[in-house]
C-alpha cells in the first residue's frame, strides 16, 4: 500500500484512512494563525480561529471525521448553492439563467463593479452576493418564510433534520449589511428583482444564517456527487441537470476570487462561506482501484480563520493535500 492509496474494503484500510486524515488535520490546524476570522459581520468574530474540522462521507457508507466536527456554524455563502437549486426547481433553469448568468467575475464576492460596466447588467453568477440576492427574489412566496420553506424541506430530506437559523447571526447581518442593501437597490433599479426588496434581503440574510455542521455539508455534497439522488434512499431530490449546473458553478465560481486557483490546484466543485465552512463535491471517477472514494463523496470543512479572499486558510490547504494524495481532481 502506497501513501495516498488504500483498500477501503478492509478494516485496516479504513483505520489507515482515519489515521491519515487525523494526522493532516493536526498538521494544518497549526497553520490557522496565518488567517483571521471574519469581522465585518460582528457575530462571526467570536469564532475560535484555531478550530479545524472535516467530515468525508462516501457513497459506500464510509465516514471519516476528524478535528472539530461537532461545532455548529452559520452556512453563509454556501447557502447560495441551495437557493439557486430551489429557484431552478420552482421557476425552471432556463428562466433563472435569464436573470443571473453563469460566468466567473474575478472580483470580490460583494463587488458591484461588474454590474456597472457590463452589458447586459445582470449578475455574473448566483454565487456572488448580487446573484444570490437576485435568486432570493425569484423564490416563490410572499414572505421570507414562505420563500424559504422549500429550501428547508430539501435540507430536511437530505440531512434528516431541519437546520435552524442562528438568530444572532441573522440580526447581525441584517443590521450591518449596508453593502448588500446597496446591491439590492441597484438590482431593483435595473429591474432584476421580482419581490419586494425588504422581503428579498430578509430571505437572503436568513438562508445565510442557517446553522450547520461539517457532517451536514458533507451530506449535501454527497447528494450533489450522486447527481441529486440521496444515496441512502435512492430518492431523486434534485433534478440531474440542475445538480450538474450547480456543480459547474461551484467549480468555476465557488471560492470567490480564488476560484481559478482552487480549480487548478484542487480540481473539485466547492463553495466556501465567510464563517469558515467549505462544501466540496467529489464525483465518481474510474481510476486506480486502490484509491479511496472512487464512487464519489461529499466533504465538509470548517476552519473560521480566513485568507485574504475570505476562504478558510487551513481548510483549503487540507483539501488541497487530500485531493492531491487521493487523486480527487476532475482533471
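Quick reminder: no glycine exception, Cβ is built from N, Cα and C everywhere.
Feature annotation from Swiss-Prot assigns substrate binding site to 77, 129, 173, 180, 204, 256, 274. All chains included, 24 other C-beta atoms sit within 10 angstroms of the C-beta of residue 173 (substrate binding site).
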_Span of 77, 129, 173, 180, 204, 256, 274 around substrate - largest C-alpha separation, Å_ = 19
*Once the chains shown are all counted, how many other Cβ atoms turn up within 10 Å of the Cβ of residue 180 (substrate binding site)?*
20
*Within 10 Å of each Cβ, count the other Cβ atoms and name the one among the binding-site residues 204, 256 with the highest count.*
204
*What same-chain residues, at least 6 away in sequence, bring their CB to under 8 Å of the CB of residue 274 (substrate binding site)?*
38, 40, 41, 44, 76, 77, 306, 310
*Looking only at Cβ atoms, how many others are within 10 Å of the one on residue 129 (substrate binding site)?*
22
*Take the Cβ of residue 77 (substrate binding site) and count every other Cβ within 10 Å, whichever protein chain it belongs to.*
23
